[in-house]
Every structure is written in structure tokens, then in C-alpha cells.
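Copied over from TrEMBL, here are the features:
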COMPBIAS  494-507  compositional bias 'Polar residues'
DOMAIN    25-490  domain 'Major facilitator superfamily (MFS) profile'
REGION    494-514  region 'Disordered'
TRANSMEM  28-46  transmembrane segment
TRANSMEM  110-128  transmembrane segment
TRANSMEM  140-160  transmembrane segment
TRANSMEM  172-192  transmembrane segment
TRANSMEM  204-223  transmembrane segment
TRANSMEM  229-250  transmembrane segment
TRANSMEM  296-315  transmembrane segment
TRANSMEM  335-352  transmembrane segment
TRANSMEM  373-392  transmembrane segment
TRANSMEM  398-418  transmembrane segment
TRANSMEM  430-454  transmembrane segment
TRANSMEM  466-485  transmembrane segment
Amino acid sequence: MHIIAKIKKNMVKDIPARGTICGKCLPARYVLAVLGSIGMAIIYGLKVNLSVAMVAMLNHTAIRNDNVDLSHNINDNFAKPVEKCQPPDGDTDDYIAILEDGPFDWSGPLQGTLLSCYFWGYLISQIPGARIAENFSAKWVMLTAVAINVLCTILTPIFTKVHYVGLIFMRVLEGIGGGVTFPAMHCMIAAWSPPNERSIMSTIIYVGTSFGTAVSILMAGFLSDNFGWESIFYVMGGLSCIWMILWICFVQDNPNEQRFITADEREMINSSLGQSKEDAKEGHPPTPWNQVLKSIPFWAILIAHCCSNWGWYMFLIEVPFYMKQVLALNVTSNAMASAMPYFPLLIFSIMLGKILDTLKAKEKITTTAARKISTTIASAIPMLCLLILCYIGCRHNWAIAIMTIGIISMGAMFSGFLSNHIDIAPNFAGTLVALTNTVATLPGIIVPIFVGFITKGNQTIAAWRIIFFVTMVLFVIEFLVYIILGSGEEQPWNKKNQTNDSENTPLRNKENTS
């Protein structure tokens, strides 16, 4: 790391600001935010496109569906009537019969492996990626992450046709690239966002994850229907190359390295963050692991992140299955219905972030209050939505509306705990989010297993109530832990001077003694 720090020090130069038209009309920090949001959208779009493409890739005729007679078995095994709804008028399962067969005869377990192996790479790359981003360059780490995903996406059809192991290899590599994106972007936000704009900048960047998911679902469905499943990977991967060129040209690691910025904006950002050009030339301090792991605000973020991710994956992946299994509603078969909640989520998240930043700038609320307000919205409202789903019965339209409200309200997490790492330790924001996001990835693996265990042979409202109540308990834990222990104040161990002083204390004492 010392070698990397020296390289980084030599790279940083006093680059003069250019008062370009672009810089005057659109501040450089928001160019970063918009391009960062598109970058996150690309990562998440390329992450979920396989789930849509797989429908066209599978040979449905050759694959035996073990659940064909599931409803019959349920009725045989339970003496009391099964709690299930009738499908609404005009909503049938006839769409299954018209699916065209693809070239691949993959079993159910293999399909699950292909969809989940992305997380194998995602889990192992976050902490190393964070350390590289902090010590060398978050810009180039983010670019490398997208480049890996783009290359693997374009090569996916070729490797898949050779053998399914080739697809697994491509997905693991994509996961490795995807894992470093949050740490890299947290480092960029810490270097670029004034404290009173941190909520809105974080929200703009991270709402790209939801936007990318929605656009990918719609685009993949259209491409698959009209041009074949291979086009999903070629078109989406090819278009992403445009972003890479823009990122290289218009983004730098910090304002002092940026040419396309006005002198006023550079001075404003540096003064608000309390840093100078000399600070950027100093090496990055070593991570104070002991203090981090003893930090109560850090543990509040970690617990909130894990509980929130459980709820997020529940709404994102499992609630549509509830609509299908219990309400007999084909939400999962309609790409538009599946993608629709993410567009109002984008608007709501940005509006909330802007409101909170405005209130902070006017000193109406503190950073701590802003983070707790957002996290409360992102936990309390989804919890209530799940409670309503438990007892709403067979009201299909109401169920869709409640699910949509739950997903939209969870967008508040972008300006809540998900931005909090930067508040408590901007110097180590990448490492902190890598730690919490690594642990918070586990719910994405556990949730489908948990739901499958509860609903196996028992796809009823009663079974889903158990699932929803477990999720509600986790939302309550998120709310209580974060409200009680969360903080938006910078922690003492973030200070560079203090870190250096603590390391040099024995040497100084020895010198004084001699």
C-alpha cells in the first residue's frame, strides 16, 4: 500500500480550473453524480438481465416442471381448504403455453446456481476493491468494474454455447466487478460532496441501481422478443461502452485533479470538506480496524444494512411470487408491472434527498436527524405494507398498490444509513461500505432459501404470513437499532492526524525520554 500511496502522490498535480461552459452550467460534482448513477445502472442492469434472458434461453418442453401438480398435492395434504385466491378477470396462465423453447436444457437447481453465482464474486471483491480505491484511485476502480461487466456480458453468448460452466465463469467475474462499485462510489462521494449536499448526491448516484434494474427488465424483454436472447447481451454490453468513454474524460478522483471545474466550485468543495491540495498529496492513512470494529455508529449501520437488504430482497424477488402463488396474479409475467415501481422510486428518493439537504443547510435538522428520518421511512412504511399484505385478502389491485408503496418507500435508504459511512468516516468510507455490504449480501442468498423452505408444499396465505412477520421483525430491529445507536457525526478515529499520532506515540515518548 505504501508503494501505491507514493504513486498516487506523484500523480496529483495542481491542475488549473477551467471555467468552461459545461462547468458553469452544470457543476462538476453533479456531472460526477449523473455519470456515477449511470455507471451503477449499468452494473445492476447487466446483473439482472440474465434472469429475463433465461426465459428465452431455456428449452421449456424438455425441462420437467416438478410443480405442475403442486396445487393438487396441497389439497391432498391438508384437510382444511387452502387459502388461495381466484385469478382476476382476464388474468390466466395461458402465457406459459406460448413460451418459445430455447437451446438449453438446464435443471431447476442448475438455473438457481447460474442466477446466484454472481454473488460468489461479489462477496470476495468488496474489501480489496475498497482498499485499492482509497489508496490509489476510485475512478479507475469503478471504470475497471464496469469494463469487466461489459466484456463478460458481450462474451456471455459465446461462452454459454460452449458449456454452462462458461456462463458461471462470466457471472462470477461480473460479480467481482460489481462488488467494488459501492466502495469506489463511496470514496468518490466522500471526496466530492459538500456535507450539505451529501444526501442528494448519494441518492442521485445510488438510485441508478433501481433505475438500471427497471430499464434492464424492459429492454431485455423487448430485445428477447424481437431479436433473440443473444441480443440482450450484445446490445446492453455494447451501449455501456459509451459510458466508459465519458467517465474517462469527465471524471476525476477529487476536485483538485479536475480540469473541467470552475475555481469557485473547487474552492467551495475544498473549504466545505476542510481540505486542501496538500491533503490530496499525502498518502492515505492506514485503516484503524480496531476502532472501526469497536464503533457503535458503525455497528448501527451494519445492522440496518443487513435488515434492510432482507426486506429489499423480499420485495424485489419474493413478493411477486406471493402475488403469483396466493393471489393468482401474474405480476412476474408482465415486465412493465415488475419494472413500474422503480420509476416513482427514483423521483421520490431524489426529492427526499434534496429536502433533507435543504433542511440541513438551513440548520433545521442535523445530519444525524436526516439519516434517521430516511431510515425510519425505509423501514417503518415497508413494515406496515407487509402487515397490510398479510390481511388484505384477495384484493388484487390493492395488493399491487401496497407492494408498489413498499418498494418506493425503501428508496429512502439511499439518503439514510447507506450514506452514513461517509458521515462518520469519509477517509474510510469505501472500506466501511465494503464491510457492511459484504455482510448485507448474505440476505440475498438466504431469503430465497428461507421462502422456499416455508412455502414448500404449502403455498398459502398462512405460510406467507410467517414469512412477512419474520421480515417485519427485522424491519423493527433496523428501526430501533439505528434510531438508538445511529449517528451522523464524524468519528474521532477518522482524523488523519489522530491516526498518525496514535501510531507515532511510542516513538515520540522514546525521543522525549532520551
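Keep in mind that glycine also has a Cβ here, set from the backbone N, Cα and C atoms.
Between the transmembrane segment (466-485) and the transmembrane segment (28-46), fewer than three CB pairs separated by 6 or more residues in sequence fall under 8 Å, so the two stretches do not touch. Stretch with the largest number of CB pairs closer than 8 A to the transmembrane segment (398-418), among 140-160, 204-223, 296-315, 373-392: 373-392. Of the two recorded stretches, the transmembrane segment (140-160) lies close to the transmembrane segment (229-250), with three or more CB pairs under 8 Å once pairs fewer than 6 apart in sequence are set aside. Same-chain residues lying 6+ beyond the ends of the transmembrane segment (296-315) with a Cβ under 8 Å from its Cβ atoms: 375, 378-379, 382-383, 386, 403, 406-407, 410, 413, 416-418, 420-421, 424-425, 432, 435-437, 439-444, 446-448, 467, 471, 474-475, 477-478, 481-482, 484-487, 489, 491. Where the transmembrane segment (430-454) meets the stretches 172-192, 204-223, 229-250, 373-392, the count of C-beta pairs under 8 angstroms peaks at 172-192. Non-local neighbours of the transmembrane segment (204-223) in the same chain are 30, 33-34, 36-49, 52-53, 185, 189, 231-232, 235-236, 316, 335-336, 338-340, 342-343, 345-346, 349-350, 353, 411, 414, 418; each lies 6+ residues outside the stretch with a CB under 8 Å from one of its CB atoms.
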